[in-house]
Structures are given as structure tokens and as C-alpha cells.
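If you check TrEMBL, you get these features:
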DOMAIN    B:21-493  domain 'Cytochrome oxidase subunit I profile'
TRANSMEM  B:71-91  transmembrane segment
TRANSMEM  B:112-128  transmembrane segment
TRANSMEM  B:148-171  transmembrane segment
TRANSMEM  B:183-211  transmembrane segment
TRANSMEM  B:231-253  transmembrane segment
TRANSMEM  B:265-287  transmembrane segment
TRANSMEM  B:299-319  transmembrane segment
TRANSMEM  B:348-367  transmembrane segment
TRANSMEM  B:387-407  transmembrane segment
TRANSMEM  B:428-450  transmembrane segment
TRANSMEM  B:470-493  transmembrane segment
TRANSMEM  B:525-545  transmembrane segment
Amino acid sequence: MSQFISGLVLLIVLMIPPVARLMESVMIIHMHMQMPLLVIAGYFMARLFMDRFPSFFEKYNQNGLPGILLFTIIMVYWMLPRTMDEALTVQTVEAFKFISLPFLAGVPLRDSWKKLSKVGRNNLITLFTVMFLGFGWLYIQSNSQLCNNYLVIDQIILGWGFITMAISMVIYLVYSLIVDPSKYE
Amino acid sequence: MQTAIKQNSFKDKANQAFGISIEDARISKSYLSVAFIALLLGGLLGLLQGLNRAGVLTLPSWANYYQILTAHGLLLVVVLSAFFTIGYFYAGLSHTLGGLLPKVRKMAWIGFWMKIFGFVLVVIPVLMNEASVMYTFYPPMAAHPVFYFGLVFIVLGIWMLSAGAFTQVANWRKNHKGEHLPILSFFATGVFVLLVGATAFVAVEVIFMIIPWTLGWVDGINVMLSRTLFWAFGHTAVNIWYLTAVSAWYVVIPKVIGGNRWNDHLTRMVVIPLVIMNITGGFHHQIVDPGISEGIKYMHVFMSLAIGFPSLMTAYAMFRVFERTARRKGGKGLLGWFKKMPWGDVRFLAPFIAMAAFIPAGAGGIVQSTNQLDQVVHNTMWVVGHFHLTLGMSVVMTFFGISYWLVPYLSKRVLTPAMNKLGVIQTVIWTLGMVIMAISMHIVGLFGSPRRTSFTTYGDFAETLGWNPYMAAVGIGATLLLIAVILQVYAVFNLMFFAPKGVTEFPIADTEPGEAKTPYWTERWGIWVVLMILVISMAYVIPIVDMIVNAPPGSPPFKTW
């Protein structure tokens, strides 16, 4: 219950208009801070749903793959320039952002993550690494403004943010490939 | 495998019984000797500056105030702190991990000579007055290229030493599956991770920006970017020494006062966030720099103050340990237990004053990382007062306290009551000197007296003449400090070569009996390092890309002295 409450508090704090406005005023903070924090809020809240409705998760997310698929679709959707723009201009899309990221990405991520094997987890990270490199390239090389609401410099910064994140994930993947924890634990 | 474990635990026991091996002791003794020689020289130069700013000493024509300031900063900030940290932690690794591996020893020596070689390269242009750029070497001030080559070797030496420490830790963990790294080595791992992370930034600054620019291969340098890279290093360096001092507070001091150390799990939970969140704190040194938007500065205040949280945990933990120990010894009353602390023991007294100094020092730090408040004190003597409290008291006095048991432990000698008394006197003089100096620096800074300025009466302008009494107090403080420096250096070399032979223990406190087991995930250093990189990239990508994409033409080198 305490995890659910901390997740809920995080979600509410992120929804407070001045907080949301501050975070959405910078493109990279919008995508790489506000959105992941919404997922984290959902990740915390998931505990309660998993305890209350175990049969639901058992039935629809037996091996974790459906949940991860849903998570990936929601994440990719919010990485598109168009959706970011609409979140800022269309109120219902903004509402959808605050619902979809915690409940359709954060909750299934938590339920699926522990059901995945180590290979499955690393494949997911690899998928996101490749995607981040692709999106990074898209945002860096584009000369035209992809979002009405953000300047080209914001785009370039976001692009490099994708690249640095991808580098961090590559370092993690290399680490998990070359270091065998069973030698130490 | 089984035999390896047996052999290792035998080595552990031998190590505990016979003390440190001669080869391992030689490494740490070499580092400590360099550190304390640097203290002597740096302290002497500090006195010259203090007397100059007090208006009682005119520097000879062949010495430049900024040259002396550069040397003072480099000797104390770069040499003393780094060499002490490495000597102390290598002794700790040797003691807690069953002696250094032969290859690690070799790496420690290669690192040592690389650092010394680098330092010689740095010193030559400083002595020739070709590198009076102060220890921050902000472009567009440019020193002789050899100065920067020296810095590169110092960084390479640090990487070698870090690699040695990681090798030692990895080897121990392979032979002690599923065990927690001993707490002092846990601190050491954190410190060496931070050393690599921090120096990576300054290496990029020096190798890819400054060296090509001072050699004339490129015309201009991106000043904002180089400052940003410098402070990612500079701030972390400060925190590395602080973390070194903190390691002694958590691990050693409880043993010295005869108690148990603070909860193992929570201690490790102080180290981990300090490692993950440290480097990004560098931004608060640029809080009034132009070219960084206010929004970014505002967000970075959070990152800086986030480091304050583990510090507050530390403050609580320390006084909890003190009170628990003193009450066990029969201390009574709300504050009466205070009398039960071993005030006459320099190994406790010096670090205790260091901790107490961190209260005003930390508060001053919060002032400086708050934009509006910093505008009052930025680049004034206040800042100098601040880092003489943090480094000159919190860190260095802990180092002094450590030296009174570490040096005899390494040289297989003992701390005699007479030497302990000398240590107490030294601590008192140092405290007096630093308090007088730091307080007057803070006050005169509030009045507007600038830092990094040689003595001047500003054409006898009335307002600025009012600063002079405080600057005289700085001179008095500096004089007391040099006396304390001489006593300290005497004590160290006496304990190293002349004190009576005997066995000195490496004091490492045990945890409270019956404490809950620390979860194993605290040992996942790979994850902490990846998280650290992730936090750094999130924090730095916005300003750095902005500084590069919207860069001005760049500045040619200037020699301002």
C-alpha cells in the first residue's frame, strides 16, 4: 500500500500545473524526465494492482511478453515528435499521457520484468538502445523543426540525450556480458 | 577454489596478526610522505600570501602573488589531498582485503611515479612564472603547454591507481563469494570510481581543448565548455576528499572511542548516492556564469542539494554513535554524556573538530549554491573562507587525526603519550588559526573584498580600507597555521622513523551485535556506475550541447600576469 501511495503522490505532483509546465517547457525534460517519472509512478502503483488482481495478470500476461509489448508500444508512441506537440496543444492528449504512461507502461513493466529471463531483459534493453540511437539520429540531423512547440536547438539536445542514454545502456549491456555475477555472489 | 579461499583466509589472519607487509607499508608511506611534504611547502606559501594580504609583507620582485597562489592551491588541493587519500585507502585495501596483490603493488608504484613525473612537469612552469593560472586554470588564461602535459600524467597516474584498486577488490570478491566487501574497501571503491569519473572530464578538457589551443593548433577555445568540464572534475575532487574523511568518521572513529559503528546497511546507503549524484553537483560552481539558462541552474540546485541529504544522514549517524558509546561508558543527562568522550585523544579530537566545522561549512555551501545569495558572495573572500573550512578543517583535520594511528601502523611504531599531547596542541593551534582566518574571510567577503587579489589599498578608498583589519586577522591565522603545519609534519616524520617500535592497530569498528543483515544488492557496483553515468548524461546533455551548438567564436590564449 505504501508503494501505491508513493507512486500516486509522485503522479499527482507531476500533474500539478506549474510542475507540468516547467517540465514541459524544455523538450528533453519533457521526454526524458517527465515521461520516465510517470512510468516510475506507475511502476510503484503496480504493486497494489498485482496484489488485488493476480488472476488478471496471470491470465493476460502469463509469460510477460504481452505486457512488455504494451509497454514498448506506449513508449514508442510518446517518443514521436507529433505526440509531444499534441500533448501540449490538445488537452485530451495531455490527459492520455498522464494515464497511459503510468498505467499502460509502468504497471505492465513491473508485472512483466520479473517474468522475463535475463536474455529477455537484455533483448528489451538492446531494442531500446537501437531505438534510442535511431531517434537520436533523427532528432540531431533534422534541420527542420519537428515540433511546433520546440526550437531546433531543443531537438538537437534531445537527440544527444537519446545518444548518451543509448551509450549508458550499451555500457550496461557490455557489463552484463563480460561480468559473470556467479563468480562473485 | 576451496584451497584458494583457505589460503586467502590464512593470509587475512596473518595480516591481522602481523600487521601490514613491508612492501604494502612502503607504498602508503611514500604517498603520505609526499602528502605531508606538500603540506609543509603549501603551508609556507599560504603564510606568504596571508602576510601579503595583511599588508605586512611585500613579495620579492622575482615572486608573483598569483604564482604563489597557484603553487599553494596545487600543493594543498591537488597533491596533499590526493596523495593522502590514495595512501590511506591503499593501506585500507591492504589491511581489509588480505594484503595487496603483487600486480596491484606494481600498479601502485607505476601510478606513484606517473603522478610525481606529472607533478614535476607542472611545477617547472609554475616556478618559471609561466603558469600563474591558479589551480582552476580557467581558459582563456593560458599556461605553458608543459603545465598541461603534467596534468595529463597526473590523471594517468590516478587511472592506474584506480585500476589497481579495482583489481584488488575484484580479486577479493572472487575469493569471497557472496560476502560483503569490508566497509573501508567499500568506501575505497566509491572513491576510486569517483576519481575515474571526475578525472575523465578534466582529461577531455585538457587533452582535447586546452593542449591543442596552447600549442597553437586551434585558434580559439570554448571558455564556457572548458569551465563546465573543469567543475565536473573540481567539485567531485572536493567531494572525494570529503568522502575519504567520512569513511574515517564511520569506520575508524567509533573504534577509537570504543564503540560500534553505525548501521552497515545505512552506511553503504550513504556511499552509493554520494557516488551516483556527485559529479553533476559541479554546476553550482557556475551558478553566476553567463550562458546557462536560469531554468537549468534551478534544476541543478536540486542536484547539489541532493548531496546534502547523505551529509545530513552522516551528521545524525555520527552523533548517534557518540551518544550511544558515551552512555555505555556511564554518560548521563541530556548532554552530560559529552564529558565521557576521549577529548585528550588526538585520534578523536582532530576528527571531531573536523566534523563540527562541517556544520558552518555545509551551511555556507548551501548559501553559495543558492543563486540569489551567491550573488552577494561570489568571487569574494567568503568563498576562500568556505573552502578553508571544508578542506582546511573538515577534511584535513580528519587526515591529521588519521595520521596519528596510520603512520605508526605503517611503520610498526607506536603513538607515545608525549606525541599524543603534541598532536592535541597541534590540533588546538590549527583550530584557532583556521577559525580566526575563516571567520574573518567570511566577514570581509560579505563586505565585498574580492578573492584572488594581491594586497592593495584601492587608492586609499575609505570603504575598502575597512577591510584591512580583517585581512590582518587572516595574516594572524596564517601564522598560527604554519606553526601547526610544522608540528604536524614533525609528528608524521617522527612517527614514521623515530617513535618507539611496537604494534599499532588499524582501528576498524565492528557493527552493533544482532544487526540485520545488509542486503546483497548494495554490492552491485556495476549498476551504481551505470546509474552514475546515466545521471551525468541527463544532467550535462542540455547545457553542453547548447554550449557547443551555440558557441561563440572562441577565445585566443591570454597571459594576464
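Going from the start of the chain as shown, residues are counted 1 onward.
Each Cβ is built from the backbone N, Cα and C atoms, and glycine gets one as well.
Values in this document were obtained by computation on a predicted structure and should not be read as measured data.
Within the chain carrying the transmembrane segment (B:299-319), a Cβ under 8 angstroms from the stretch's Cβ atoms is held by residues 239, 246, 249-250, 253, 262-263, 266-267, 269-270, 273-274, 277-278, 280-281, 283-284, 287, 355, 358-359, 362, 366, 369-371, 539, all 6 or more beyond its ends. Counting Cβ pairs closer than 8 Å and at least 6 residues apart in sequence, the transmembrane segment (B:525-545) and the transmembrane segment (B:265-287) reach three or more and so form a contact. The transmembrane segment (B:470-493) is not in contact with the transmembrane segment (B:265-287), judged by fewer than 3 CB-CB distances under 8 Å for residue pairs 6 or more apart in sequence.
Just going by CB pairs under 8 A, the stretch in B:71-91, B:231-253, B:348-367, B:428-450 that sits most against the transmembrane segment (B:112-128) is B:71-91. Below 8 angstroms of C-beta separation, residues 183, 186-187, 190, 193-194, 197-198, 201, 227-228, 231-236, 239, 243, 246, 250, 296-297, 300-301, 303-304, 306-307, 309-310, 313-314, 317, 368-369, 371, 374, 378, 516, 518-519, 522, 528, 531-532, 535-536, 539-540, 543 of the same chain, each at least six residues beyond the ends of the transmembrane segment (B:265-287), sit close to that stretch. Tertiary proximity for the transmembrane segment (B:348-367) is limited to same-chain residues at least six positions away from its ends with a CB under 8 Å from its CB atoms, namely 245, 248-249, 252-253, 256-257, 305, 308, 311, 315, 318, 341-342, 373-374, 377, 382, 385-386, 389-390, 393-398, 400-402, 404, 423-424, 427, 431, 434, 442. Panel annotation: around the transmembrane segment (B:71-91), residues 20, 24-25, 27-32, 34-36, 38-39, 41-43, 45-46, 49, 100, 108, 111, 115, 119, 122-123, 126, 134-136, 154, 158, 161, 165, 184, 187-188, 191-192, 237, 240-241, 244, 248, 391, 395-396, 399, 402, 406, 409-410, 506 of the same chain, lying at least six beyond its termini, place a Cβ under 8 Å from a Cβ of the stretch. Computed over the domain 'Cytochrome oxidase subunit I profile' (B:21-493), the whole-number mean pLDDT of the model equals 93.
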